[in-house]
């Protein structure tokens with residue numbers, strides 16, 4: 001009946017079914033069953049919380065964790081004490097039927113009725129498809145306020161048996177909040193790591209992989225409840241911690257089994273809870289007091305609205321994305337109560353709380369009002385106020401990659417500014433996780449990044465097998481890809497053969513691999529400061545080597561040009577006499593012309609100019625010794641360069657020609673200096689100075 005389900009939430013219909021079933025059983029003369037607290041807390045509640053914790057949207061939850069904690073802790077404390085104090089005042093003014101209810105009993109009642117119920121919130125908010133921010137704020141508050149509820153409940157229950165409550169008892173009660181909450185989280189983290197480590201060794205027995213997830217999660221819940229810690233926070237911590245490592249180790253079929261079994265199990269538990277809530281309403285003992293019930297309902301609404309308005313005013317001072325008045329209205333209106341409050345009220349002892357039946361009647365009234373009235377009207381109010389709905393389409397891989405890139409960029413900006421925000425700590429945690437934790441908890445090569453190439457080869461092999469089965473090719477070489485196969489022997493597929501579409505699970509797997517591999521930001525290098533930079537010992541030597549090689553190359557190029565320039569044509573004796581006769585002063589011999597070097601090259605030598613050592617040129621008389629007769633006859637001798645020994649550098653290894661005098665001679669030969677341009681009217685051969 002879509003018309004009914006679009007107006008009335010499923011939880012309301014289930015309560016109505018429970019009321020009808022309970023009335024039918026009672027009409028027959030039988031005693032209807034009552035939802036006992038141990039059955040609720042041990043068997044019906046854990047599947048719902050595990051499903052919520054295992055598939056918790058981690059990114060919006062962590063980004064809004066501060067806001068959620070303020071609503072869950074401060075808001076629940078405010079509701080409990082505000083409601084308990086006002087109800088104590090009502091009891092004192094309400095007449096003879098309420099005068100015997102003391103302050104501790106009213107505070108206990110306030111702590112029971114003040115907490116937002118996660119089961120009711122899930123049942124209503126998943127149907128109206130509210131945007132992700134509001135959903136995670138209200139649902140996160142309902143999950144994390146369990147620690148406050150457990151502490152206050154046990155605290156006031158113990159105080160009720162005391163003759164006198166001292167200051168020390170109040171301080172210990174305040175400290176027990178941290179023990180209960182942090183202890184529950186610690187228990188969940190320990191069991192989550194054990195579950196992840198166990199899944200590392202299940203590659204040969206895939207059938208029992210889902211069992212370890214359920215087993216360790218339930219053990220975490222029972223261990224926390226055994227020591228009066230927060231079992232809900234233990235379940236959430238266990239699910240959040242184990243999921244990334246377990247999913248990397250288990251098979252795809254095991255992952256599907258866990259997903260659908262958890263959804264089915266939580267749905268069955270939720271259905272039974274609301275049906276039994278209706279049946280217990282008919283079967284339970286009630287004591288109706290108009291003053292107490294109406295005051296409870298009115299003060300519950302007032303406390304919720306005031307708490308949200310004051311806390312949001314404080315929170316918006318620190319939030320970048322502010323909570324608008326529409327958001328505040330939905331948060332205040334979505335504070336639904338449910339079966340947890342009923343079960344806690346059912347646990348009360350008649351000896352210390354003789355007004356238990358009246359408390360249960362008021363609790364059931366508040367539950368019915370919030371689930372029926374607020375649950376049925378929240379959808380039209382969301383449409384009327386035009387509150388942003390949840391995005392139905394999936395985010396594209398492009399958006400996800402850019403989101404990861406912006407996270408990386410913001411982490412760098414925070415490091416540069418010296419501001420240690422949540423991006424900085426998330427980056428530190430991711431690095432620690434990748435460097436240490438993944439290597440211990442994920443088996444084999446899966447401890448590294450997912451291998452896109454391996455997945456491509458897997459798909460390629462599958463395509464090749466399909467090609468063989470279709471009769472295209474008889475044998476396929478193992479190392480040849482399907483693309484090259486089709487090039488070798490192109491086979492036109494029949495028209496009726498259509499490639500099957502990808503399933504949703506396979507598409508999600510491909511999206512996950514692309515999302516984790518396409519965004520590869522450069523790993524951050526070691527941080528440095530310009531005041532503490534250390535000089536690299538190899539940098540200066542490397543620069544010198546490059547400069548010396550460049551100079552040697554330039555010198556070799558100049559000498560090659562010098563040696564390969566064609567000689568001037570020798571004039572005939574008649575022309576020479578004519579030139580000397582025209583200008584005899586231009587051809588006067590220089591005074592020190594005897595000391596000029598004369599380059600002689602044997603044309604018959606097999607050595608080419610490139611094989612001549614340019615570094616070993618020594619003119620006559622430049623070495624400081626008297627020239628020998630052989631050198632007088634030979635002039636300037638150019639010796640062949642000896643081959644260097646292997647493993648040595650011709651730049652760094654000093655040779656015999658690296659003396660200062662030789663280097664000066666090299667500079668003289670390589671850089672003869674600037675020469676003035678010949679002016680008009682000058683003789684062809686310049687006059688000697």
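Along the chain as shown, residues are numbered 1 onward.
Cβ coordinates are placed from backbone N, Cα and C, and glycine is handled just like the others.
The coiled coil annotation in TrEMBL covers 504-531.
Annotated domain 'Cation/H+ exchanger transmembrane' per TrEMBL: 8-382, in sequence order.
Among the features that TrEMBL reports, domain 'Sodium/hydrogen exchanger regulatory region' is placed at 479-564.
Taken from TrEMBL, the feature region 'Disordered' applies to 585-689.
If you look up TrEMBL, you'll see 6-25 (among others) marked as transmembrane segment.
Residues annotated as transmembrane segment in TrEMBL: 37-56 (among others). Counting only same-chain residues 6+ beyond the ends of the transmembrane segment (37-56), those with a CB under 8 A from a CB of the stretch are 118-119, 122, 139, 143, 213-214, 217-218, 221-222, 225, 231-232, 235-240, 242-243, 258-259, 262-263, 265-266, 268-270, 272-273, 276, 339-340, 343-344, 346-347.
Here TrEMBL flags 68-91 (among others) as transmembrane segment.
Residues 9-11, 45, 48-49, 52, 76, 79-85, 87-88, 91, 138-139, 141-143, 145-146, 148-149, 152-153, 156-157, 159-160, 232, 270, 273-274, 296, 300, 303, 334-341, 344-345, 348, 353, 355, 359, 362-363, 366-367, 370-371, 375, 378 of the same chain lie 6 or more positions beyond the ends of the transmembrane segment (103-124) yet place their CB under 8 Å from a CB of it. Feature annotation from TrEMBL assigns transmembrane segment to 103-124 (among others).
For 136-156 (among others), the entry in TrEMBL reads transmembrane segment. Beyond the ends of the transmembrane segment (136-156), by six or more residues, the same chain brings 49, 52-53, 57, 60-61, 64-65, 67-69, 71-73, 75-77, 80, 104, 107-108, 111-112, 114-118, 121-122, 125, 173, 176-177, 180-181, 184, 228-233, 236, 330-331, 334-335, 340, 344 to within a C-beta distance below 8 angstroms of the stretch.
Sequence annotations record features per position, and here TrEMBL assigns transmembrane segment to 168-198 (among others).
According to TrEMBL, the transmembrane segment annotation covers 218-241 (among others).
For 262-284 (among others), the entry in TrEMBL reads transmembrane segment.
According to TrEMBL, the transmembrane segment annotation covers 290-316 (among others).
What TrEMBL lists as transmembrane segment is 328-347 (among others).
Per TrEMBL, the feature transmembrane segment maps to 359-382 (among others). Sequence-distant contacts of the transmembrane segment (359-382), counting only residues of its own chain at least 6 positions beyond either end whose CB sits under 8 Å from a CB of the stretch, comprise 7-9, 11-12, 15, 109, 112-113, 120, 123-124, 127-128, 130, 277, 281, 284-289, 292-293, 296-297, 300, 329-330, 333-339, 341-342, 345-346, 348, 353, 389.
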Counting Cβ pairs under 8 Å to the transmembrane segment (218-241), which of 68-91, 168-198, 262-284, 290-316 comes out on top?
168-198
For the transmembrane segment (290-316), out of 6-25, 262-284, 328-347, most C-beta pairs under 8 A are with 328-347
What else in the chain is close to the transmembrane segment (6-25), if you only count residues 6 or more beyond its ends and a Cβ gap under 8 Å?
31-32, 120, 123-124, 127, 270-271, 274-283, 368, 371-372, 375-376
So what pLDDT does the domain 'Sodium/hydrogen exchanger regulatory region' (479-564) average out to?
63
